[in-house]
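A.B. asks: Here Swiss-Prot flags 163 as N-linked glycosylation site, drawing on sequence analysis. If you look up Swiss-Prot, you'll see 1-10, 68-80, 150-171, 251-260 marked as topological domain 'Extracellular', on the strength of sequence analysis. Annotation source Swiss-Prot lists topological domain 'Cytoplasmic' at 32-46, 102-128, 193-229, 282-304, citing sequence analysis. Residues annotated as transmembrane segment in Swiss-Prot: 11-31, 47-67, 81-101, 129-149, 172-192, 230-250, 261-281.
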């Protein structure tokens, strides 16, 4: 039974990772070609391009680690630490980029008059590069905190100092743990807030357009409905992912193999699922994907 569960989780993780790698590589290629041709790139595409690169590296690293685990009975402690830190940094960066992308969508589409919202509206598009760098720095800082926390937790509860006095490190551990949890909690609250505001604003706009039936379905309304669907599907994927990622690491969860397997599958399904959502709701990416699908269908039809 355990072997069957392990094989199922392993196969599902490999499939999800492979799909995610292909989807993000597709985003990278299409946006980079458009960037080279036009010599300019929009703020949303710049964030999307950075997110695709980060996820491509994350999923590639995760796939390599999965293959390594399957083909090696013993694991190096240094390799495990290196993999965990790289994954922590890339995963944190991708989540902050998603938060940034949701923020950009929210301030561009919605029309709220709150001072904080108006400040975001003025600064987000103008300082995209600086905010992308901020995402990197925050991710590096939280990864460093995580590394320090894991190193401190290896020491005894009380450590003897140079002057032969005892000092308790539990306060430091709690502080670092609180910093990491608050960072994840901040991401979660921001993403849910931006997505909820966007869904609320778009729903009001669509209802308003429905009352004016003569101009109900136009390209702008279609784009708004697509953005609303994207945010709803994003929340459906993101909320279970956040819960599963939070529950995966505690020691008591490691004793429940079924719960741990469910958490692993949910966390593996989120990155490729969200990447596919971004493709099908992005006009250029969706058009290019349709062309590729039509090409392969035509080729199969001719070959048959």
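Just so it is clear, glycine is given a Cβ too, placed from its N, Cα and C backbone atoms.
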A.B. asks: If we skip the immediate neighbours and take only residues 6+ beyond the ends of the transmembrane segment (47-67), which ones have a Cβ under 8 Å from one of its Cβ atoms?
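C.D. replies: Cβ under 8 Å, 6 or more out: 10, 13-14, 17-18, 20-21, 24-25, 27-28, 31-32, 35, 41, 83, 86-87, 90-91, 93-94, 97-98, 100-101, 104, 128, 132, 135, 268, 271-272, 275, 278, 282.
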A.B. asks: What average pLDDT does the predicted model assign to the topological domain 'Extracellular' (1-10)?
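C.D. replies: Computed over the topological domain 'Extracellular' (1-10), the mean pLDDT is 76 on the 0 to 100 scale.
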A.B. asks: Where else in the chain does the topological domain 'Extracellular' (1-10) make close Cβ contacts, counting only residues six or more beyond its ends and a cut-off under 8 Å?
C.D. replies: 66, 70, 257-258, 261, 264-265
A.B. asks: Should the transmembrane segment (129-149) and the transmembrane segment (230-250) be scored as in contact, given a threshold of at least 3 Cβ pairs under 8 Å and pairs 6 or more apart?
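C.D. replies: As far as Cβ distances go (cut-off 8 Å, pairs 6 or more apart), the transmembrane segment (129-149) and the transmembrane segment (230-250) do not touch.
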A.B. asks: Could you break down the residues of the topological domain 'Extracellular' (1-10) into DSSP helix, strand and coil, giving a count for each?
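C.D. replies: Secondary-structure breakdown of the topological domain 'Extracellular' (1-10): 9 helix, 0 strand, 1 coil.
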